[in-house]
Amino acid sequence: MLILNQTDLTPASFILNGIPGLEDIQVWISFPFCSMYVVAMAGNCGLLYLICYKDTLHRPMYYFLAMLSLTDLVMCSSTIPKALCIFWFQLKEIQFDECLVQMFFIHTFTGMESGVLMLMALDRYVAICYPLRYSTILTNSLIAKIGLTTFLRGVLLILPFTFLTKRLPYCRGNIIPHTYCDHMSVAKLSCGNVKVNAIYGLMVALLIGGFDILCITISYTMILRAVISLSSADAQQKAFSTCTAHICAIVFSYSPAFFSFFSHRFGGHTIPPSCHIIVANIYLLLPPTMNPIVYGVKTKQIRDCVMRILSGSKDTKSHSI
């Protein structure tokens, strides 16, 4: 039942309806979602532990990786627990203000994810193009400042979403065909003018995503030029290998985003809504799940730290026996 405040037509709560058209199999869909979430939590918490307590990882590259892990933890934790409650226990109701808070966290930290990937591209550019000045250019003070700036950029650009959404009158029901409170999914329930919301949303996407992709493209163009100019094939391969994990992170993050963006605009009538919802969840879940795995496999220093911990635990057990 829709409960409305008679003065401003603000609903007391919304109903998150999960994945439309797939209600009968949502329980089965929940198992891969839950498995990926557990891997994401364990992997990112493990990375943060290693970076905090291992002196060999106190370097700019790993500080940026710590930012990425923190962002991934918040991003997937903002959506997946609620989605699992919908799938398993039919707990679909979410209070209006809670919906706005969830929307703020989701959009802020997806913007933060994009920003951190951009900063990591700049880190790789400095490491390859100016290796002798790497530690003097990327000081701890500079890393803290640009990390804070990236976070504040997301907060300041996303905060208006909550006010633009809160001001709308809602008289088209309170059922959101989604697993979380997405900005436009909520705005579409309004009987007011949502043109400002749509225009501002597109502007934010261009300011954050467009700017970050441009910086990443420029960084890798400069990296490619620098690597090609190296005379040794071994040096070229070594330089490229330092970028492999970051390139994988970019692919995992931007591929679902591009699919969602273009399918909404060019395939909205041919692609079923359930596909859009699943991809939207993958967009928030795939990067947090895969980033720790990729960096754990591709980064020698992280592999060595993990192997030392595992070998140390084995040694302890053998001595106790």
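Cβ from N, Cα, C; glycine included.
Among the features that TrEMBL reports, transmembrane segment is placed at 27-50 (among others). Within its own chain, the transmembrane segment (27-50) has Cβ neighbours under 8 Å at 19, 57, 65-66, 69-70, 72-73, 76-77, 80-81, 83-84, 87-88, 278, 281, 285-286, 288-289, 291-293, 295-296, 302, 305-306, counting only residues six or more beyond its boundaries.
Taken from TrEMBL, the feature domain 'G-protein coupled receptors family 1 profile' applies to 43-295.
Here the transmembrane segment (62-89) has long-range neighbours at 16, 18, 26-27, 29-30, 33-34, 37, 40-41, 44-45, 47-48, 51-52, 102, 105-106, 109-110, 112-113, 116-117, 119-120, 123, 140, 143, 147, 150, 179-180, 249, 281, 284-285, 287-289, 291-292, 295, 301, meaning same-chain residues at least 6 beyond its ends whose C-beta is under 8 angstroms from one of its own. What TrEMBL lists as transmembrane segment is 62-89 (among others).
Residues or ranges marked as transmembrane segment by TrEMBL: 101-122 (among others). Counting same-chain residues at least six beyond the ends of the transmembrane segment (101-122), those with a Cβ under 8 angstroms from any Cβ of the stretch are 61, 64-65, 67-68, 71-72, 74-75, 78-79, 82, 94, 146-147, 150-151, 153-155, 157-159, 161-162, 165, 180-183, 186, 204, 208-209, 211-212, 215-216, 219-220, 246, 249-250, 253, 283-284, 287.
Taken from TrEMBL, the feature transmembrane segment covers 142-164 (among others).
If you look up TrEMBL, you'll see 198-223 (among others) marked as transmembrane segment.
Mean model confidence for the domain 'G-protein coupled receptors family 1 profile' (43-295) is a pLDDT of 92.
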